[in-house]
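*Asks:* I'd like to ask some things about the structure below.
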């Protein structure tokens with residue numbers, strides 16, 4: 001059972017750098033609820049999270065304040081002979097509605113080539129004072145010999161190398177892409193192409209390959225769509241049917257979900273036909289039928305009387321209703337308009353393939369298999385599954401945590417956390433288990449993962465027990481248990497490894513983690529960096545001396561993350 005569970009817990013997933021354990025110092029609060037924190041990478045001794053009054057007031061643009069600070073501290077950031085303006089590119093500038101600060105997102109570059117996984121977030125107060133700099137740098141790039149040479153491999157050959165390593169000919173969902181990066185491969189730093197292979201057949205995959213631009217060798221790879229089973233026989237692809245939105249009038253229907261409960265459905269009436277198309281929210285919600293094939297999105301679900309009680313309707317009923325619940329949660333709690341915060345439509349496809357034991361976000365929509373009836377029932381029947389997967393989309397459009405090692409485990413944990421909080425929001429038999437409603441229908445009380453007791457399914461509940469191998473993208477579905485346990489303790493309280501945590505409730509848990517994921521976490525955030533970002537997020541929301549700040553720190557103490 002344990003081996004089975006280890007294989008199956010990779011169900012809930014999305015799309016490289018692993019940082020060593022860091023040391024930190026946190027002192028009393030600086031003005032405006034900014035904690036004075038210094039956290040450095042233990043190996044390269046560069047800052048990972050610095051907060052406090054980092055500069056005086058300024059009338060300069062926020063990015064210029066950040067560049068001035070980094071130039072003043074260029075030795076700490078190990079920029080070598082380059083200045084900050086040549087070492088970082090501003091990729092986003094947004095306003096923080098809580099602190100009225102300007103948040104600047106930066107991408108590290110070398111010779112105008114982006115450095116994989118090396119991004120920074122900086123918070124500049126309304127008066128121009130720099131408050132926080134968070135992120136990971138690749139050090140001393142001007143000293144790396146391989147970066148002084150010329151690339152020998154072009155983009156086309158890099159794609160060919162990735163396809164050869166893949167070992168089979170897929171049916172692509174979109175054309176392969178390739179982009180040149182500076183890439184850290186352990187202690188080696190070189191130019192590498194990041195190749196993306198996105199396909200549905202013979203088994204869904206969204207691979208990222210790292211191909212050395214000098215030698216043409218594959219340095220690393222990972223898949224951001226995980227499958228329960230191994231590669232299957234090819235499922236014949238049908239020609240993509242028309243799946244255009246319809247124009248009509250809003251209607252209210254009803255239907256029975258996978259577990260037999262009745263739900264109200266927002267639909268569209270057009271030419272005497274009802275469609276599972278909800279036009280009433282800031283983002284339109286569409287639900288499609290793949291008809292047991294693998295072509296996406298399929299056909300828009302239709303009905304003649306707006307009553308969806310047939311057995312085959314159940315998966316569509318839940319996919320449609322739960323997508324709406326998840327949208328409402330993010331909109332009502334955080335004023336977020338869909339996963340991209342810009343009203344992107346929420347598309348779901350059910351009855352994907354035949355007996356398919358998986359659900360995934362493919363970068364643009366949700367996809368649900370029917371399960372084989374023994375391991376899983378239709379996977380859209382789990383609200384926490386839908387909340388989990390759509391949260392991957394939120395993360396992709398905010399921190400964009402790389403789906404490997406600690407950043408990948410943090411990515412998974414955030415999806416588990418918000419999948420659970422969406423379940424509590426709808427108040428439909430909520431709990432701190434993941435996938436319990438759709439997993440092993442013949443076994444009562446079973447689930448994929450437990451946030452309250454990760455060890456129940458073989459996952460670590462303390463940093464000292466973390467998985468250190470390379471399987472499962474470096475243990476993203478395993479080490480997520482450490483963050484899951486911290487989150488559970490933060491919401492509910494309890495004593496773990498001799499550390500007592502005062503619970504603050506699920507609502508505050510969500511606010512703190514959402515703020516950190518959107519305004520403090522960067523692509524390569526480690527558990528230690530996450531702690532610093534979450535503590536500061538709590539200080540922003542509730543005050544530097546608040547119980548919430550204390551509880552966040554204690555929750556990480558309890559799982560051994562400093």
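Glycine is treated like the rest: Cβ placed from N, Cα and C.
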*Asks:* Do you know which of 412, 433 Swiss-Prot groups with 388, 392 in the Zn(2+) site?
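*Replies:* Of the residues offered, the record points to 412.
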*Asks:* Pick the one from 396, 423 that Swiss-Prot also lists for the Ca(2+) 2 site with 384, 431, 433, 436.
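*Replies:* Given 384, 431, 433, 436 bind Ca(2+) 2 in Swiss-Prot, the matching entry from 396, 423 is 423.
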*Asks:* Around residue 392 (Zn(2+) binding site), how many other CB atoms lie within 10 A of its CB?
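*Replies:* Counting Cβ neighbours of residue 392 (Zn(2+) binding site) within 10 Å gives 27.
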*Asks:* Between residue 439 (Ca(2+) 4 binding site) and residue 433 (Ca(2+) 2 binding site), find the distance joining the two CA atoms and give it rounded to the nearest Å.
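*Replies:* About 11 Å separate the Cα atoms of these two residues.
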*Asks:* What Cα-Cα separation, expressed in whole Å, is found between residue 303 (Ca(2+) 1 binding site) and residue 384 (Ca(2+) 2 binding site)?
*Replies:* 27
*Asks:* Starting from the Cβ centroid of 423, 429, 431, 436, the recorded Ca(2+) 3 site, name every other residue in that chain with its Cβ within 8 Å, sequence order please.
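*Replies:* Residues close to the Ca(2+) 3 site, other than 423, 429, 431, 436: 383, 384, 420, 428, 430, 432, 433, 437.
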*Asks:* Taking the Cβ of residue 431 (Ca(2+) 2 binding site) as the centre, count every other Cβ atom within 10 Å, in any protein chain shown.
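*Replies:* A 10 Å sphere around the Cβ of residue 431 (Ca(2+) 2 binding site) contains 15 other Cβ atoms.
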*Asks:* Given the recorded positions 305, 384, 389, 436, which one is most crowded in terms of C-beta atoms within 10 angstroms?
*Replies:* 384
